Amino acid sequence: MRIEEGVKLGFKDVLIRPKRSTLKSRSQVDLIRVFSFKYSSVIWSGIPIIAANMDTIGTFQMARSLSNFKILTAIHKYYSLEDWKNFVILSSKDILNHVIVSIGISTEDFIKIKKIFLLSSELKYICIDVANGYSEHFVSFLKLIRECFPDKIICAGNVVTGEMVEELIISGADIVKVGIGPGSVCTTRVKTGVGYPQLSAIIECADAAHGLKGQIISDGGCSVSGDIAKAFGAGSDFVMLGGMLSGHNECSGDIVEKKSKKYMLFYGMSSVAAMQRYTGEMRGYRASEGKTVKIPFRGDVDFTIRDILGGLRSACTYVGAEKLKELTKRTTFIKVTEQENCIFNIFKE
Ligand code: 5GP
């Protein structure tokens, strides 16, 4: 046994220190980033926020709405090939440019993804997604996918430490997905005692990835737009959101009514709810590592996105970053023991 000294930090432990700025207005801030990749020759530009590949969030409907903002959607892996065919036929180039195809690491996943990519050359992104990206089997699968798709942008995860980021990039990933345990409906830290505070994970993993000309996605743990700004400030290239996008028209959660108010169900992909939905059972050797929550229904995702992008632009003006790309360079974090003033929370329903 060994103890690593030095406290690791989460979003709640820091604030971004304001800096002198020549920007006159938030409208001057450019959130579009242009990326080139380690393996893929694709040049992609857009706002590097990603709707999570959870079955309630990463829907085709979400992709249609978010592509209007040049934001990505990681489509969940439970759509059939037939669903994909219908989606691709009905979607413009622009929508497909903002879509990430998610897969697990089974043989069926491998066969299906080959068929999905035959549907359109406009599909550029693959996300190989497992809860624990530290397994040898996962690394072998990544190598296989890189061999089959030499020019696609491959994201792989999740991991939280620099040495594993390096291994995944060397094995064929353009982008590594970072986050174990920070998610809004995740109970991994409680069930297993395993995890890594997200801000420190970003700082350490971004450093490892950028050294090899790779990129990272910070996945999980953002609960307000300030957290997204902190994730970018810490060095993340992309930020993935689940909970912040839940409860909207574009989601596929069930709606329930209570005292004439509408709520939508949102659950983790390792929750009992998800496992029962897709495997019809909870396997005996597994424990659930996700929970189900009921959240007030929020209507169209557009309003939430505008609010998030407004917050992000404002963060950039506070530190004088004319482009989102400059945010990391202009970020100094201060460690804090306070965040929001919660005096009026007692009046919340
Ligand atoms: P959020 O933005 O809601 O904080 O986090 C979203 C992320 O949580 C997802 O992209 C995924 O990585 C993670 N996640 C989703 N469902 C589960 C689950 O059931 N268990 C765990 N451990 N993580 C989950």
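Any Cβ shown, glycine's included, is placed from N, Cα and C.
Note: TrEMBL annotation is automatic and uncurated.
TrEMBL has this to say about the protein:
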- 9-338: domain 'IMP dehydrogenase/GMP reductase' (DOMAIN)
- 108-131, 216-239: NADP(+) binding site (BINDING)
- Gly181, Gly183: K(+) binding site (BINDING)
- Cys186: active site, thioimidate intermediate (ACT_SITE)
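Structure coloured by features recorded in TrEMBL.
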{"residue": "Glu108", "record": "NADP(+) binding site", "Cβ neighbours (10 Å)": "10"}
{"residue": "Lys114", "record": "NADP(+) binding site", "Cβ neighbours (10 Å)": "12"}
{"residue": "Ser120", "record": "NADP(+) binding site", "Cβ neighbours (10 Å)": "17"}
{"residue": "Ile126", "record": "NADP(+) binding site", "Cβ neighbours (10 Å)": "27"}
{"residue": "Gly181", "record": "K(+) binding site", "Cβ neighbours (10 Å)": "24"}
{"residue": "Cys186", "record": "active site, thioimidate intermediate", "Cβ neighbours (10 Å)": "25"}
{"residue": "Ile216", "record": "NADP(+) binding site", "Cβ neighbours (10 Å)": "32"}
{"residue": "Cys222", "record": "NADP(+) binding site", "Cβ neighbours (10 Å)": "26"}
{"residue": "Ile228", "record": "NADP(+) binding site", "Cβ neighbours (10 Å)": "23"}
{"residue": "Ala234", "record": "NADP(+) binding site", "Cβ neighbours (10 Å)": "26"}
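Residues from the recorded positions list (Lys114, Ile126, Gly183, Cys186, Ala234) with a C-beta closer than 6 Å to any atom of ligand 1: Gly183, Cys186. The residue listed as 'active site, thioimidate intermediate' sits 20 Å from Ile216 (NADP(+) binding site), taking the Cα positions as reference.
Distance noted between the C-alpha atoms of Gly183 (K(+) binding site) and Ile216 (NADP(+) binding site) is 17 Å.
Here the C-alpha separation of Cys222 (NADP(+) binding site) and Gly181 (K(+) binding site) works out to 12 Å. Other Cβ atoms within 10 Å of the Cβ of Gly183 (K(+) binding site) number 27 in total over all chains. In the three-state DSSP scheme, Gly181 (K(+) binding site) falls into the coil class.
Ile126 (NADP(+) binding site) sits 22 Å from Gly181 (K(+) binding site), taking the C-alpha atoms as the reference points. With respect to their backbone Cα atoms, Ser120 (NADP(+) binding site) and Gly181 (K(+) binding site) stand 35 Å from each other.
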